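Asks: OK, TrEMBL features for this one:
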type	residues	note
DOMAIN	65-213	domain 'Nephrocystin 3-like N-terminal'
REPEAT	602-643	repeat 'WD'
REPEAT	688-729	repeat 'WD'
REPEAT	731-763	repeat 'WD'
REPEAT	817-858	repeat 'WD'
REPEAT	860-901	repeat 'WD'
REPEAT	903-944	repeat 'WD'
REPEAT	946-987	repeat 'WD'
REPEAT	989-1030	repeat 'WD'
REPEAT	1032-1073	repeat 'WD'
REPEAT	1075-1116	repeat 'WD'
REPEAT	1118-1159	repeat 'WD'
REPEAT	1161-1202	repeat 'WD'
Amino acid sequence: MNAVSGATLRAVSNIEKDLLQERLDPIGNANYQKDRGCMEGTRTQVISDIVLWATTSSNQDLHPENPKADSVAWVYGMPGIGKTAIAHSICHRLQGKNQLGGSFFCRRDDPARSETKSVLPTLIYELATTFGPYRNQVVQALHDDPELKPQLTSGELFLSSLQLLEVHPLRTLVLVIDALDECGEPGARQQLLGHLLTACRQNRWLKAIVISRPERDIRSFFNAHGVVGRDLSQEDNSRTDIRQFTEARMKMVADERHVSQHPEPWVGERRLGHIVNRSGGLFIFVETLSQYLMKYKNPKLPLDRLLAGPSEEASVELHKLYLAAIESRVGSEEAESRLIARAVIGAAPHRALCDEAIAAFTGLQLATVSSWVDDLSSLLYREHTTNGGIRVLHISILEYFTGPFCPLDFRVDLKQANIELGLYCLRTMIKELRFNMCKLKTSYQTNSEIEDLNERVQENISDILQYSCLYWSNHLCSSLDPVSKEVCESLGIFLSGEWVLYWLEALSVMGRVPTAIEALRNIKRCRKIFEEGIVYLADEALRFILFFLTPISTSAPHIYISALPFIPSESSLWKATCKSFPDHMRVCEGRMKKWPGMAARWTGHTFYILDIAYSPDGLNVVSGSFDETIRIWDAATGTPVGEPLKGHTEDVTSVAYSPDGRNIVSGSGDNTIRIWAAATGLPVGEPLKGHAQRVSSVAYSPNGRNIVSGSYDLSIRIWDVETGTLVGEPLEGHTGGVMSVVYSPDGLKVASGSSDQTIRIWDAVTGVPVGEPLKGRAGTINSIAYSPDGRNIVCGSKGNTIQIWDATMGLPVGEPWEGHTQAVMKVAYSPDGQSIVSGSEDNTIRIWDAATGALIGDPLNGHTDKITSIAYSPDGRSIVSCSYDQTIRAWDAATGKPIAEPPAGHTNGVTSVAYSPDGQNIVTGSWDRTIRIWNADTGVLVNGPMKGHIGWVVSVAYSPDGRNIVSGSEDKTIRIWDAATGLPVGKPLKGHADKVRSVAYSPDGQKIVSDSEDNTIRIWDAATGALIGDPLHGPTDDITSIAYSPDGQNIVSGSLDQTIRIWDASTGAPVGEPLKGHTDIIISIAYSPDGRNIVSGSGDETIRIWDAVTGAPVGEPLKGHTSFIKSVAYSPDNRRIISSSYDSTIRIWDVATGAPIGDPLRGHIGLITSVAYSPDGRYIVSGSMDHTVRIWDAQHTPNSESFRWKF
């Protein structure tokens, strides 16, 4: 065996490291820095204790009274007490012992270091580079799943790769997280802590140290898990340490400023004692004081001024010191200083800006900005890792600048800062954005193929332009106050011209196109603060991005080549930009006039949809389904936003947005409640567990602090959103399952409806019942809702009725409303309280006058199965509904009409379906005499209707190169169409004397074969349309189906005479004897992809497989359908056969065994006429006499209704 060279090993190691770097995307500047630790001789006891604990094997139990406490340590203390310095020192000591597994230093004013999703990937990367076997596991996991996104896996990669380890390190490895309180939301922090705790308790060689402020959520987590924290303010040596630190810092000042130390030290015992007392144990006080004194030639006078007067508590003394530092540089009359401060502090949450950027934004001289930063060096510093970005030395300084303790003369008004920065960004983009900014030489390369693209970006797109492109919307939408006319004018200029395209070009080369989507959604979300015209322009730009997202993201030049020419001709964006690009490609035929409207049916769930809710801003809709997923939808278009939210292990029964729209709560049949970040789809915290049976209903309190849940276990529970803990005891009293829960508008009460036919009202604070139960006689209470004013409660019941109750008196208001013919599943008030909408198992939605109970208009019809949930939009203009039919529909609340474009689908039965060779499109033919082309991923109509036939279109097929489509019709003709334009190619092919039954291309695309009720098969030249040779005459009965063999040498046909025949495609002569075995007509026929077999479907309700060479049957007939077999097809890998039948089902069969695979696929409500596999074999398309086309997941068919979507 050859030895592996060191160079080879290094190369392998580098490849693995590159993979880890690319996939994990660790935050480089989040690691510890050895020069940032505690001063030598200080904090020695706490550092030594923690390092000793960390480096001692967990098997050597230091805490026998608490066996779980030795896996994670929590160190906490107030701001400025020196936590971060201690964390750096601990890391330095651990690194020296080769026991530091990884570190992450959070920071609130650094976006990369303030997101919890970045913490675990960074720690995984560092642990992988430290311990080889762990690296191998992580690399293998990333190789096995190229789609794995560590930031989105909720710790899955972290925990699973640890669990698979067979070799453990000889010594304990330690993970350190500092300033966790500055990272993410409380729920996300708790989830991160949960993963850390689980990992450390499952792997005794792994420990973690968490350092933070004692925030409520962090304290609550550790208390709940038996981890006792170490309070730095209680350290015995604190005063000694800070005194030693003060002596050293004052000596440094004396040395730097050449202060005489004779005849006695300039500070002396008295001053030293005063400083220590005023510090209150805060090292940041002493550090800031020393930096402040450094500016003075004689620091004694400013020190005496600061020490004058009585000593106050530590935070007050710190604020006084900050104020002194600011006053020394910033006079209250200096508008320039306040302008700089607003720019620095306002930009901090997004990215630290350097002196040059601040000067360019504000229009001030660079020297003025630099002088300001230098003079405030006791509070600020320039960070070299962000090109000199200006940062505060401690997060408490940022809090002081923006908080109530800072005098108004110096306080940074964040609203004003954000408006100013938003304007700076708009002006910068209008000034600097231009066509082909990075001077790209060709459009033939994608962004990823341009080797020096990053260098081009840095050379040609300035730092402030990059910042502006990324964050302008964040600044403008940070407040709910209406923006000024000046802002609207600048924003209008930006959105209404070619700058939008240039902006997208910049984001494309920066790899940040998704930022544009969020920026424009921000404008729509905050529509109330902008003029109506601005929101319209933002919507136009958003539609452009969403429609052309792939070319925009893939290649910047293709914004102008592959997107701009195809903008709808009536779009305001087109009208505003077309004159700037006179040489662009022109679309002569088939161009859209308007953007596609809202989909008539929102499809994506693969099973019953059980609940639905609007986001508070009305921009999105969330839905929960029996398919165990949650989906978010764009409310304007009905298109999915992001990927499904997965985590529940049973049906998702209830969903709701938090009042601020940031989170979504879901309840499930798996007995748990989950919280999700609405923007990212990531879980927030761990599932809320406590219910013993399925959770049927969840709702947020109006203030967003609590969640109420109802369950089949007869109880109601209230949860603390921040900590995920139960608030008080469960609310018990119902004798049947709790079906619906809701908060009163003032948040003081909770109402619940139950299968025990009662409604109960509870005090939301004490959990005590309020009054007697509200008792009806109409069966299970399926749904309840408070009126917006809180005076009434409406309920929908299994008894088909709706009842209103006085929420105070507990008495019914009037008689029950009747109209639905089956159970009422959901009720909701309109936002103005004037109307009530109801959804029922009778498949209808009804709108009622809330005051009189009178039905408003006719029932809303459209769903084909039970209505499960409905919701009003926040503005009351729209209603969304969901159903067992697996679709969501939107309705105009005023008219009751569907909100959608006129249906693009066929108006009669679909007779034939086929995938394009690349799998991107589907072509369909119909009895409505048209052919249509659809996008296979979205179901959007791509082309058509293509009109020309004067009879039913019965067969369609793509040419092998995908450029053309052939169609056969009952008008006796065959037509060829351009697949790109939808236009006819040449004249119709005429020759058949009766209806054409079937058409197909030869594998080389040069010929077309057709069969007809005139009992002939004809072969045509695909290029000229000329007939090749004489017709093939065979049986005396009609030929029903034909197909070319994969090698193009033969043609197979099926007939009404119950036989199958094979023909020589070159000579037209029969090959062998007819294939006999079916006992009824042959309706469908197809070759296997390898050409060895033929499959046939018959009126005798069976499918047969034949040897294509010998004509002998292969195995027994496939039986299962209960009516005629209308269509059969092989999977691309030859392993499966699909069949459709007049029994309205599709079946999948194992070719080797002849056994059916899974249950029949059900969903069509009419005869299924045609089925086909996608070229990659992942999906099945079906067409039906119910006028619809459905796409099914061919790989996952767990039940009879597992389809992706329909149109």
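Residue 1 is the first one shown; counting continues down the chain.
Using the three backbone atoms N, Cα and C, a Cβ is placed for every residue, glycine included.
Automated prediction, rather than curation, is the source of TrEMBL annotations.
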Asks: Do any residues of this chain, six or more beyond the ends of the repeat 'WD' (1075-1116), have a C-beta under 8 angstroms from a C-beta of it, and if so which?
Replies: 1037, 1040-1047, 1050, 1052-1062, 1122-1130, 1132-1134, 1137, 1139, 1141, 1149, 1151, 1154
Asks: Can the repeat 'WD' (602-643) be said to touch the repeat 'WD' (731-763) if we require at least 3 CB pairs below 8 Å and skip pairs under 6 apart in sequence?
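Replies: No, the repeat 'WD' (602-643) and the repeat 'WD' (731-763) are not in contact.
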Asks: Would you mind listing the long-range same-chain contacts of the repeat 'WD' (903-944), meaning Cβ under 8 Å and 6+ residues beyond its ends?
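Replies: The answer is 590, 596, 599-600, 603, 639, 950-958, 960-962, 965, 967, 969, 977, 979-982, 1166-1167, 1169-1176, 1179, 1181-1189, 1191, 1205-1207.
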Asks: Six or more residues beyond either end and a Cβ under 8 Å away: which residues meet both conditions relative to the repeat 'WD' (946-987)?
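Replies: For the repeat 'WD' (946-987), the nonlocal Cβ contacts are 589-590, 911-918, 921, 923-927, 929-933, 993-1001, 1003-1005, 1008, 1010, 1012, 1020, 1022, 1024-1025.
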Asks: What are the DSSP helix, strand and coil residue counts for the repeat 'WD' (688-729)?
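Replies: Counting residues per DSSP class in the repeat 'WD' (688-729), I get 0 helix, 21 strand, 21 coil.
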Asks: Take the repeat 'WD' (817-858) and count its residues per DSSP category (helix H/G/I, strand E/B, coil), listing them in that order.
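Replies: When I sort the residues of the repeat 'WD' (817-858) into the three classes, I find 0 helix, 19 strand, 23 coil.
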